[in-house]
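Listed features, source Swiss-Prot:
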- Glu84, Asp103, Leu105: Mg(2+) 1 binding site (BINDING)
- Asp103, Asp106, Glu268: Mg(2+) 2 binding site (BINDING)
- Asp106, Gly107, Ser108, Ser109, Asn196, Lys262: substrate binding site (BINDING)
Amino acid sequence: MQTLAQHLTSQAVNDSLSQLILTLADTSKAISHAVRHGALAGVLGATEQENVQGETQKKLDIITNDMLKDALKADGTVRGLASEEEDHVVEVSTNGQYLVCFDPLDGSSNIDINSLVGTIFSILPASAGELTETSFLQSGRNQLAAGYVLYGPSTMLALTTGQGVQLFTLHPETNEFLLTNAAMSISADTQEFAINMSNQRFWEAPMQTYIADLLLGKIGPREKSFNMRWIAAMVGDVHRVLSRGGIFTYPTDNKDPKKPYKLRLMYEANPMAFLVEQAGGKASTGYETILDIQPTQIHQRVAVILGSSNEVDACLSYHGLDYSEEPSLD
């Protein structure tokens, strides 16, 4: 089996980008260690702090954020970083070539119940000149690499550099990420969907109708039965989609009119959309392809519908759109 470093060499990924990806992977090993120790290390539970989104921070949110910040500052290739746990972008090195956006611990509400959590990251090119928030506001099509690390029964890294999606598994003895799936592929059709049903009454009418038709199964207009899955961590739900197909959605809702969307574009939706498209799936807000969105702020939120291409098309048809053409990977 190839190690991650060997794989990057075989894919002709340039040295500086390879170095950055390896830094993120090495840091995820340390995060995996902290997650596994849990209560034994006193890292569970919440703090009295809130992040910029007004969410109460877990102890591990802060710990993992600091671990990634420290590693990226020491890497030498990073111009700046943006994190879910940071109010503003952070300047790292004036000589850096890359910008890194990340969610250090996606699904952190799961940590106290020993359920799935993960790290999501996106790598963008840095431009010359002063580093500002605007430097980061690039469409998802500009991503040079993206991935996530899933901390579950085994620790897994899903990665794309624009050459498909590869899956690596952390070997518990050698502490190396080894290539275990060289070409992850999302089936075009599915009978699984993932959505937070507790918000049903707050969704837009197209989404309510779409889900209602799925629930009708064989006796409804879809004429087949569907199963619902929900992990309450985007990283876990998207991993399932990449592994065996499905559709994952966190749609627009009016539960809080000031916050109609849940997921963040720059460090959740964009990297996951890049992975999904590279694996043959599709990703949309319901009205726009996610990777084509021009961001307006670093913590911008969007609706997300992603997964098996035919099922995403079916969902979008309820929104009055036809996305039957294959997405551009340029």
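In case you wondered, yes, glycine gets a Cβ from its N, Cα and C as well.
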Which chain neighbours of the Mg(2+) 2 site, leaving out Asp103, Asp106, Glu268, have a Cβ atom within 8 Å of the mean position of the site's Cβ atoms? Glu84, Phe102, Gly107, Gly118, Thr119, Ile120, Tyr148, Met234, Val235, Leu263, Arg264, Tyr267
Count, for each of the binding-site residues Glu84, Asp106, the other C-beta atoms lying within 10 angstroms of its own C-beta, and report the residue with the smallest count. Glu84
Can you check which residues sit near Gly107 (substrate binding site), meaning Cβ under 8 Å from its Cβ, same chain, 6 or more apart in sequence, and list them in order? Ser115, Leu116, Val117, Gly118, Ile231, Ala232, Ala233, Met234, Val235, Gly236
In whole Å, how far is Glu268 (Mg(2+) 2 binding site) from Asp103 (Mg(2+) 1 binding site) when you measure between their Cα atoms? 7
Rounded to whole angstrom, what's the largest C-alpha distance between any two of Asp106, Gly107, Ser108, Ser109, Asn196, Lys262, listed as binding substrate? 16
Using DSSP and three states only, what is Ser108 (substrate binding site)? helix
Quick check: which same-chain residues outside Glu84, Asp103, Leu105 lie with their CB within 8 A of the centre of the Mg(2+) 1 site CB atoms? Asp61, Thr64, Asn65, Ser83, Glu85, Phe102, Pro104, Asp106, Ser108, Thr119, Ile120, Tyr267
Under a three-state reduction of DSSP output, how is Glu268 (Mg(2+) 2 binding site) classified: helix, strand, or coil? helix
CB contacts for Ser109 (substrate binding site) [other CB atoms within 10 A, all chains]: 16
What is the one among the binding-site residues Ser108, Asn196 whose Cβ has the most other Cβ atoms less than or equal to 10 Å away? Ser108
